[in-house]
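For reference, Swiss-Prot has these:
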type	residues	note
BINDING	C70, C74, C77	[4Fe-4S] cluster binding site
BINDING	C114, C145, C205, R277	[2Fe-2S] cluster binding site
DOMAIN	55-282	domain 'Radical SAM core'
Amino acid sequence: MTQAQTATVQPDAIPVAAPASQRWRVADVVALFELPFNDLIFRAQQVHREHFDANAVQLSTLLSIKTGGCEEDCGYCSQSSHHDTGLKAEKLMDVDAVLDAARAAKANGASRFCMGAAWRNPKERHMPALTEMVRGVKELGLETCMTLGMLEDEQAQELANAGLDYYNHNLDTSPEFYGQVISTRTYQDRLDTLDRVRDAGINVCCGGIIGMGESRRERAGLISQLANLNPYPDSVPINNLVAIEGTPLEGTAPLDPFEFVRTIAVARITMPKAVVRLSAGREQLDDGLQAMCFLAGANSMFYGDQLLTTSNPQSQKDRALFERLGIRASDADAMQANA
């Protein structure tokens with residue numbers, strides 16, 4: 001009796017990575033979301049390995065340099081002055097305090113330091129301190145990122161001249177769902193700021209938040225918008241909604257965690273050379289789901305015990321997970337995608 005052979009079954013033959021010039025229609029992105037889960041993850045991992053070390057993850061630390069009192073009415077945000085969340089508005093931090101936090105982040109293993117301010121846009125009086133923060137953090141050998149709201153051309157250029165590596169300005173969601181979350185800033189406002197950032201020579205960090213009550217098609221609409229930016233973002237943070245008490249999205253039903261993993265995979269396939277970052281809401285994922293996110297192509301995460309005003313898994317727990325998975329922390333230079 002002959003020994004039975006084991007057949008190896010591969011997913012249907014489809015291109016692993018689309019040409020860089022491809023326009024991602026929403027229907028095309030929906031089709032990715034609707035692939036069988038194993039096929040989607042397999043394809044995303046193939047794309048990931050074409051461009052990155054599959055076992056390297058960049059650690060980023062995010063510091064709120066100006067908390068609360070924001071003029072915008074973003075429905076997910078505890079820092080909006082429109083919502084009663086009990087968060088007290090604070091002034092912009094002193095430069096020395098920011099640099100102390102950056103030193104601590106570096107000592108804890110971070111290679112990227114992000115500074116966030118709860119503003120509609122920075123005022124001119126803030127720019128000297130902001131540029132000093134950028135220069136000081138860069139002198140520590142850390143990659144720098146800021147998120148300060150909308151920018152004017154001159155402000156973007158000032159930050160570029162100071163050496164800012166990345167500017168974060170998220171699209172948040174699809175154009176169709178956007179009006180259900182925010183009314184004080186238009187979608188075009190966000191796109192205009194991204195243009196100013198890119199024109200100033202700063203790398204673009206742009207992603208969104210999922211789990212706000214949007215449909216799968218609307219999630220696909222967000223990914224389509226991001227992937228069709230010219231060029232697509234260098235860094236793509238994917239946030240899982242943290243439904244904060246006192247915000248309009250309080251009580252929103254949690255997103256199926258496998259849908260979050262699917263979103264990571266679709267982002268990797270459609271933006272193959274971008275750094276895909278696990279951001280807010282990571283504490284809602286257990287170790288197994290976080291491992292799936294890395295398998296799906298996430299290669300950066302926010303690291304530390306707090307993200308702006310929401311909690312984040314403890315640093316020691318993160319290090320233990322890395323050890324169990326054989327993942328190593330990567331510096332900024334190593335996160336450049338292969339051609």
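Glycine is treated like the rest: Cβ placed from N, Cα and C.
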Number of other Cβ atoms within 10 Å of the Cβ of C70 ([4Fe-4S] cluster binding site) across all protein chains: 23
DSSP three-state assignment (helix, strand or coil) for C77 ([4Fe-4S] cluster binding site): coil
Neighbour-count leader, CB within 10 A, binding-site residues: C74, C114, C145: C114
Alpha-carbon spacing, C145 ([2Fe-2S] cluster binding site) to C70 ([4Fe-4S] cluster binding site), which is rounded to whole Å: 20
Arithmetic mean of per-residue pLDDT over the domain 'Radical SAM core' (55-282): 91
C-beta crowding around R277 ([2Fe-2S] cluster binding site), within 10 angstroms: 26
C114, C145, C205, R277 excluded, remaining Cβ within 8 Å of their centroid ([2Fe-2S] cluster): S60, L62, R112, T147, Y166, N168, S235, P237
Alpha-carbon spacing, C205 ([2Fe-2S] cluster binding site) to C70 ([4Fe-4S] cluster binding site), which is rounded to whole Å: 21
Whole-number Å value for how far C114 ([2Fe-2S] cluster binding site) lies from C70 ([4Fe-4S] cluster binding site) (Cα to Cα): 18
Integer Cα-Cα distance in angstrom, C74 ([4Fe-4S] cluster binding site) to C114 ([2Fe-2S] cluster binding site): 20
Other CB atoms, at most 10 A from the CB of C77 ([4Fe-4S] cluster binding site): 26
